[in-house]
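Report on the following structure.
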Amino acid sequence: MNKGFKPSEKNLDEFQRYKYAIDQHSIVAITDKQGRITEVNDKFCQLSQYSREELIGQDHRIINSGHHTKEFFKDLYKTIHSGRVWKGEIKNRAKDGSFYWVATTITPLFNNEGDITSFIAVRTEITENKRIEKALSDSERKLQNANQQFKIATSAANIGIWERDLILNKTYLDKISCSLHGIKNKDSMKLSDKSWYDFIHPEDILRVRKNYEELLRSKNQFEINYRVIRKDQSLKYIKSYGIVERDEKGVALRMIGALIDETKQRQTEKILLEREENYRRENKLLEESQAVAKLGGWELDIETGNLYWTTETYRIHDTSPEEFNPTVDAGVGYFLPESKRIISEALEVAMSEGKGYDLILETYTTKGRKITVRTTCKVTFVDNKPAKLGGIFQDISDQVLKEDELKNAKEKAEENDRLKSAFLANMRHEIRTPLNAVIGFSKQLVNPETTETERKEFGRYVINGANQLLSLIEDITSFSLLETNQVHVNESEVNINQLLRDLEVQFKPEAETRGLNINLANALPDYESVINTDNSKLSRIITNLLSNALKFTHKGEIKFGYTVKETNLIFFVEDTGIGISPENKAKVFDSFQQADGSIRRTYGGTGLGLSICKGLIEVIGGKIWVESTLGKGSTFYFSIPFKQVVQTKELFANEELNSGIPTILIAEDQFINFHYLKVIFQKRFECDILHAANGEEAVKLFKSNPKIDLVLMDISMPIMDGFDAANLINQLNSEVPIIAQTGYDIESNEKYSPDIFSGYISKPIDQEKLFAKISIHVSID
Ligand code: ADP
């Protein structure tokens, strides 16, 4: 305890010197026993900003800052009044209200009796010290706070902290880092470089090591991801951040870093990725299956009118979202009229009454393709009111087509079944009839009582029956060959004019016995009528058609021939027979089909002829069709490729030039007359015969055949008569003899000139007279 300072007379001087020294350094105030200020030095005045006058007589409350408690001052007064010295730090307030701190020593002063007379307070300003002290304590507190916050943050974020002393080769892991590696805290200190790598996933070790070495060498910061396999074999995804501390020479001293556990994030990412992948896959599969099923969808927001189409719905409409903006009006607009009416009505009912639909309708696509669709609608309600419509939109055209095909196939199978039975029954009849004749009349042939005339007649019946059976067998064979695709084309050069003329000759007798005319009309001259085709098939087809024409015609005529149409020849067989009704027209070309049931009873037949014709024509690359009016007649047409043999003309000429046998041109419009002449010539001597159906043709043929030795010219012919034709031929070559043939008295005709004609022969032609005439000009032996 300090005793108060009591100056005596003798050391008063000394006291004055002390006082001076103290005044220079300290703030000094003297108060009386009551605490009233009796004296202050200049420093006091300066610091408190009060003048001496203002201070003298006041107590210390004038500079009280209010910072200290009552107890603080109580203790102070108690100390000094008990005669002891008080030391402490006081915060005061200056006149302008600013604060200042002072380190204070208050010493009681005593009189000779030892009573306290006054107090002397000596102060030193410590405001700056206080500020520094406060700042220090503030920053320490802040640091502590920050530390605490850091700890909270790292533990909340599950961030591990680690440190590696590169000098001591020691690794320190905090609690979280330990748990990330699945090791106990106490073991972490033992982690050497090697054992730390033991935790890293084998696939990541190399990368981590490379990064670590690079870091030590040149970098100061790093960030790396790797996987840790914990002791319990579980996997952790770690992100490691760190910095390297180096000494002034750049030698790495230690590394400090943070470990972030990204396992959850990675797992979530993985799950999300998987989900996304699954979603993508499912979406793709869905799209693919929708495309296969041609199944689209649609949705309509009733309020906004927004119409949504799925990708497939666009595709079904032959469009895409880039090309087309779907609206209800546009969508409905594509439906065919009847379907449009139905869908408009259904949509209206769906929107107003909330009733869905499931419809099969026909619509056009945006590219005008007609399709059949199934469209359904389900209604979604909001507040009991229809809000959204949606459903499927499926292109079922293929399905409908297949169903139709199946239906047709089924009907056809049933029909075939029926036809087969009918055919078998019919065949029995078709075979039995001629066979009966063959058997019956054969028996009569060997009967000795049969007369010679009868035998001849019966013989004809037998031959007839056998021929019928033969053609039936041929039909059946052809049919089965066609059915099994075993019929092949066998092309050769065929003169179709000749072929048709032969058929005319063949059918003429039967036509005549039945009182029918038969007429042939060939479109091309002979030298242009050579084509490449299958001779036997073509002949068979026309034969079949002519047989039918004869069979189904009772009076009138049968015309046949061909015309040229572009690259095809169109053959026709026209009759004035019973005709075919429109509904039976297509049917007659099917196998075993006849126009109707009565035909079989009246006309017999197997229903195979036309189907064979159709099959053969298709094999040689053509088509068959019929135009017919019931009761008036029919015209069967068929086309074949016109593969003309162009060198025909030259061929004709060359052949004749080389042959050395005479060539005779017969100009005759009546084919039968020409045929007659041809037959008698060729029976008598070897020659080549050319035919012209009129004068013009005769001139043409003459021009193109320099080897013609003789012309037999009919006078009355269409297009150009025999006089004019002979005149022109004579102008071309007056050496070639022209013999006129006529039914009239030619010599009285003014057009007749003996200079042009080498003679004439009257019709009906007498063979011998004819040969006599021509033998003058050509050799007939
Ligand atoms: P078939 O003559 O053996 O009955 P086809 O196949 O030749 O068999 O003819 C089928 C059917 O076509 C005939 O049954 C007949 O009803 C009809 N038809 C064929 N040609 C004629 C024709 N020229 N005039 C009228 N009907 C015909």
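Don't overthink the numbers, they just go from 1 along the chain as shown.
The backbone N, Cα and C atoms fix where each Cβ goes, glycine too.
Just so you know, TrEMBL annotations never went through curation; they're auto-generated.
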For the feature coiled coil as recorded in TrEMBL, pick the matching range from 129-156, 297-324, 577-604.
129-156
Helix-strand-coil residue split for the domain 'PAC' (222-274), DSSP-based:
12 helix, 30 strand, 11 coil
Can you name the far-off residues of the same chain, 6+ from the ends of the coiled coil (129-156), with a Cβ under 8 Å from a Cβ of it?
89, 91, 101, 174-176, 258
Could you give me the DSSP helix, strand and coil counts for the domain 'Response regulatory' (663-778)?
47 helix, 24 strand, 45 coil
Taking 10 A as the limit, how many CB atoms besides its own sit near the CB of Asp714 (4-aspartylphosphate)?
26
Under DSSP, the domain 'PAS' (14-58) has how many residues in helix, strand and coil?
23 helix, 10 strand, 12 coil
